[in-house]
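One structure is given here, and the rest of the page talks about it.
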Amino acid sequence: KAAAAQPRRREGADGDDSLYPIAVLIDELRNEDVQLRLNSIKKLSTIALALGVERTRTELLPFLTDTIYDEDEVLLALAEQLGNFTMLVGGPEYVHCLLPPLESLATVEETVVRDKAVESLRKISQEHSPVDLEVHFEPLVKRLASGDWFTSRTSACGLFSVCYPRVSSTVKAEIRQHFRTLCSDDTPMVRRAAASKLGEFAKVLELDYVKTDIISLFTALASDEQDSVRLLAVEACVSIATLLPQEDLETLVMPTLRQAAEDKSWRVRYMVADKFSELQKAVGPEITKNDLVPAFQNLLKDCEAEVRAAAANKVKEFCENLPEDNREQIIMTHILPCVKELVSDTNQHVKSALASVIMGLSTILGKDNTIEHLLPLFLAQLKDECPEVRLNIISNLDCVNEVIGIRQLSQSLLPAIVELAEDAKWRVRLAIIEYMPLLAGQLGVEFFDEKLNTLCMAWLIDHVYAIREAATCNLMKLVEKFGAEWAQNTIVPKVLGMANDPNYLHRMTTLFCINALSEACGQEITTKQMLPVVLKMSNDQVANVRFNVAKSLQKIGPVLDSNALQTEVKPVLEKLASDTDMDVKYFAQEAISVLALA
């Protein structure tokens, strides 16, 4: 090979070795170490640049096409690289040179590699001229579509829609025929791939063909013997329904959709529930009223918990999109009775899904209905034994607050909050802390001080660090909401009191709180109340506390005036800078340089 005769490296001014000739690449791709092979594939674009467009086309691509047998991760990297190679082979007029290696990658056994090859093929199909599409790209799609192995036939499914719009009508007819054939392929994997691309293919077809070809394929796939194929047909249903004029929906789409909503496989019903809002928008208000409302009721009462949970998730969205003239009547007579049953469902995922959206109904139904019908449900959910249900209700309180004000709920709200705040699972405690500032804003300062303040302080001495950290951050947000004066009266004394706690972790929490609060509280409170405590703690027995004193001084330094910095902070930092512990020294010196006290 001519390449092998070249020196191994072009010594640039800086000994740059990124420009390998092809011989070195060949050595690396034959290396036993997968990581090396992977790295050299990732450097392909650099290699192609070094070779120039001509040699990339005549040497590099044939070499890659011939040597495709490797670990999946190497092939995956190669399939991805080739999608960005257009300019490296000489631009759009030569882009068809990239098809042979990608074609063989599109037929390998590993799905991830095939999908990436198809993605790259779709990308470079846009760069083919219409003539090149017909001469080079379309034959490739045909070869894949009639391949012996199911792997190549599944890959073909993803390529029809990208070449269809830009080819002549005879070629279009061939493409449609190939797609039809794959929809009734013997292998379920191929039918699944075809079903997953049905909606996308329908979007590029002329309307007449959607009615003649696509609908028959859709009907066939939706009654396939494999539920994995049927559920993908449900997904396509959304795209197909959007393309058809209203008057054709009833005859062409609805019979199949009704059948899917009552399918014997829960996975298919789950898919219908999951796509319900999109289906509702696609079929329009009339069909929604006559067909989808009863279907939705059935899904909410389904015997499988997964289906009920998926439907429960859509309750708010479905109700919002109902036609306004009789929205309230439909919700009250058809939807609400089902929702009431779900509140006491046996499955916690169902209850949790419902709790995350049910509050949204209050804005749709208005004040009186909310108080009469929804409030009892919210209160029941606040007492639910599953913490997630209670949490979802609390996290969505703002919707109810807008409609009926939070006072109506406050009596039941408190016990629920307290229980969550003391839950054995720390993640539950963490989640409720995150809603505290929001709750505080809605409940007002008096209510907060009376009922919730002690909770917020208790979290500061929780045994899980993540909780203590979140509690510190929570205090800062509360001070931003309620102001510095409130902080000075209620929060600061309690925080500073912890500085004398026998547990050094709690003493450190004092420092963390001071870091968080100093800016919100302003110069006066920081200098007069917080600074003395921090300085006193510089004599702590525990090194961890001492180096956190140095970090705190660095943090609150910018809030203090220069007098306090020079007379009070500087001597303490200098003392810490000659501490026996290395970490204390390090942080003290860092603080001195950041605050420019040297």
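Every residue, even glycine, has its Cβ placed from backbone N, Cα and C.
Summarising the annotation, TrEMBL assigns repeat 'HEAT' to 21-59 (among others).
The domain 'Phosphatase 2A Regulatory Subunit A helical' annotation in TrEMBL covers 98-279. Mean pLDDT of the predicted structure over the domain 'Phosphatase 2A Regulatory Subunit A helical' (98-279): 79.
Here the repeat 'HEAT' (98-136) has, by DSSP, the following mix of helix, strand and coil residues: 30 helix, 0 strand, 9 coil. Feature annotation from TrEMBL assigns repeat 'HEAT' to 98-136 (among others).
Taken from TrEMBL, the feature repeat 'HEAT' covers 175-213 (among others).
Residues in the repeat 'HEAT' (214-252) partition by DSSP class (helix H, G, I; strand E, B; coil) as 33 helix, 0 strand, 6 coil. For 214-252 (among others), the entry in TrEMBL reads repeat 'HEAT'.
The repeat 'HEAT' feature in TrEMBL is assigned to 253-291 (among others). The list of residues near the repeat 'HEAT' (253-291) in space but at least 6 beyond its ends in sequence, with Cβ under 8 angstroms from a Cβ of it, reads 215, 218-219, 222-223, 227-228, 230-231, 233-235, 237-238, 240-242, 244, 246, 298-299, 302, 304, 306-307, 310-311, 313-314, 317-318, 321-323, 326, 330.
Among the features that TrEMBL reports, repeat 'HEAT' is placed at 292-329 (among others). DSSP assignment over the repeat 'HEAT' (292-329) gives 30 helix, 0 strand, 8 coil.
The feature repeat 'HEAT' is assigned by TrEMBL to 335-373 (among others).
As annotated by TrEMBL, repeat 'HEAT' applies to 374-412 (among others).
Summarising the annotation, TrEMBL assigns repeat 'HEAT' to 413-451 (among others).
If you look up TrEMBL, you'll see 491-529 (among others) marked as repeat 'HEAT'. Tertiary neighbourhood of the repeat 'HEAT' (491-529): same-chain residues 457, 460-461, 468-469, 472-473, 475-476, 478-480, 484, 536-537, 540, 542, 544-545, 548-549, 551-552, 555-556, 559-561, 564, selected by CB-CB distance under 8 Å and a gap of 6+ residues from either end.
Within the same chain, residues 492, 496, 499, 504, 507-508, 510-512, 514-515, 517-519, 521-523, 575-576, 579, 581, 583-584, 586-588, 590-591, 594-595, 597 sit at least 6 positions outside the repeat 'HEAT' (530-568) and bring their C-beta atoms closer than 8 Å to a C-beta of that stretch. According to TrEMBL, the feature repeat 'HEAT' maps to 530-568 (among others).
Taken residue by residue, the repeat 'HEAT' (569-598) breaks down under DSSP into 22 helix, 0 strand, 8 coil. Summarising the annotation, TrEMBL assigns repeat 'HEAT' to 569-598 (among others).
Listed as Cβ neighbours of the repeat 'HEAT' (335-373) (distance under 8 Å, sequence separation of 6 or more from its ends, same chain) are residues 293, 296-297, 300-301, 305-306, 308-310, 312-320, 327-328, 380-381, 384, 386, 388-390, 392-393, 395-397, 399-400, 402-404, 408.
Long-range neighbours of the repeat 'HEAT' (292-329) within the same chain, counting only residues 6 or more positions beyond its ends whose Cβ lies under 8 Å from a Cβ of the stretch, are 258, 261-262, 266, 269-270, 272-274, 276-277, 279-281, 283, 285, 335, 338-339, 341-342, 345-347, 349-350, 352-354, 356-358, 360-361, 364-366, 369. Away from its own ends, the repeat 'HEAT' (214-252) comes close to residues 179-180, 183-184, 188, 191-192, 194-196, 198-203, 205, 207, 259-260, 263, 265, 267-268, 270-272, 275, 278-279, 282-284, 286-287 of its chain (Cβ-Cβ under 8 Å, at least six residues beyond either end). Counting same-chain residues at least six beyond the ends of the repeat 'HEAT' (569-598), those with a Cβ under 8 angstroms from any Cβ of the stretch are 531, 535, 538, 543, 546-551, 553-554, 557-558, 560.
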